[in-house]
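According to Swiss-Prot, the features are:
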{"type": "BINDING", "residues": "N41, V42, G43, K44, T45, C46, T60, T63, G89, N146, K147, D149, A177, K178", "note": "GTP binding site"}
{"type": "BINDING", "residues": "T45, T63, D86", "note": "Mg(2+) binding site"}
{"type": "MOTIF", "residues": "54-66", "note": "motif 'Switch 1'"}
{"type": "MOTIF", "residues": "87-106", "note": "motif 'Switch 2'"}
{"type": "LIPID", "residues": "C226", "note": "S-geranylgeranyl cysteine"}
{"type": "LIPID", "residues": "C228", "note": "S-geranylgeranyl cysteine"}
{"type": "MOD_RES", "residues": "C228", "note": "cysteine methyl ester"}
Amino acid sequence: MAAELESSLELSFTGSGTVPGGGLPPARSRIFKIIVIGDSNVGKTCLTYRFCAGRFPQRTEATIGVDFRERAVTIDGERIKIQLWDTAGQERFRKSMVQHYYRNVHAVVFVYDMTNLASFHSLPSWIEECKQHLLTNDIPRILVGNKCDLRNAIQVPTDLAQKFADTHSMPLFETSAKNPNDNDHVEAIFMTLAHKLKSHKPLMLSQPPDRDQIHIKPEPKPAMTCWC
């Protein structure tokens, strides 16, 4: 993969690039890598699953290492692939993967649990980690408060989160990956980034990411509920 933070160009055919029957080659897609960052159990995996699969996962395993999902969208007639990279929040699972995780990032989604004040207070450390890996403020960033459906358990008020978002020049979204009524809201989070990236990132020819290198399969473990 190229070192520059530019969108990569994927060809939907392989080999010599010729098309059977001599027809026109298939359309090409720009690929944008968006990383989803936050403490464990804030609902990162469920948010990415909701956007890519259109539904809430009933059961899931804890993320170990790095995983990603992708979805193709069409914006202004252009087909774009959005890759959502999700990583384990625990430090012991991140040490060996963090350098690869931050490579060629186009945008960042910071996620906290609205019912867990500690996850909100961890946000500065996640922002600092991004800075340490040379992700500047020029890269589009969004702040997401998850689990807004648990109204009686909210610990992070909107005004506090909005002040933090304004300080760091990020838009704030409050949503629920679980509540089907918030499906359009989850959609808006990632489509907002997709529109920004489409408008500002030039086209560059690059090899698409190697799935074998970035999709880390966890060891078999008992299934657990996705708390989001």
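Placed from the backbone N, Cα and C atoms, the Cβ positions cover glycine too.
A distance of 6 Å separates the Cα atom of T45 (GTP binding site) from that of D86 (Mg(2+) binding site). On a Cα basis, D86 (Mg(2+) binding site) lies 12 Å away from N41 (GTP binding site).
In the structure shown, the C-beta of G43 has more C-beta neighbours within 10 angstroms than that of any other entry among the binding-site residues G43, T45. The CA atom of G43 (GTP binding site) is located 10 Å away from the CA atom of D86 (Mg(2+) binding site). A strand conformation is recorded for D86 (Mg(2+) binding site) in the three-state DSSP classification. Reported as a whole number, the C-alpha separation between A177 (GTP binding site) and D86 (Mg(2+) binding site) equals 15 Å. Computed over the motif 'Switch 1' (54-66), the whole-number mean pLDDT of the model equals 61. Across the fold, the C-alpha of K147 (GTP binding site) and the C-alpha of D86 (Mg(2+) binding site) stand 18 Å from each other. Taking the Cβ of N41 (GTP binding site) as centre and 10 Å as the limit, one finds 18 other Cβ atoms among all the protein chains shown.
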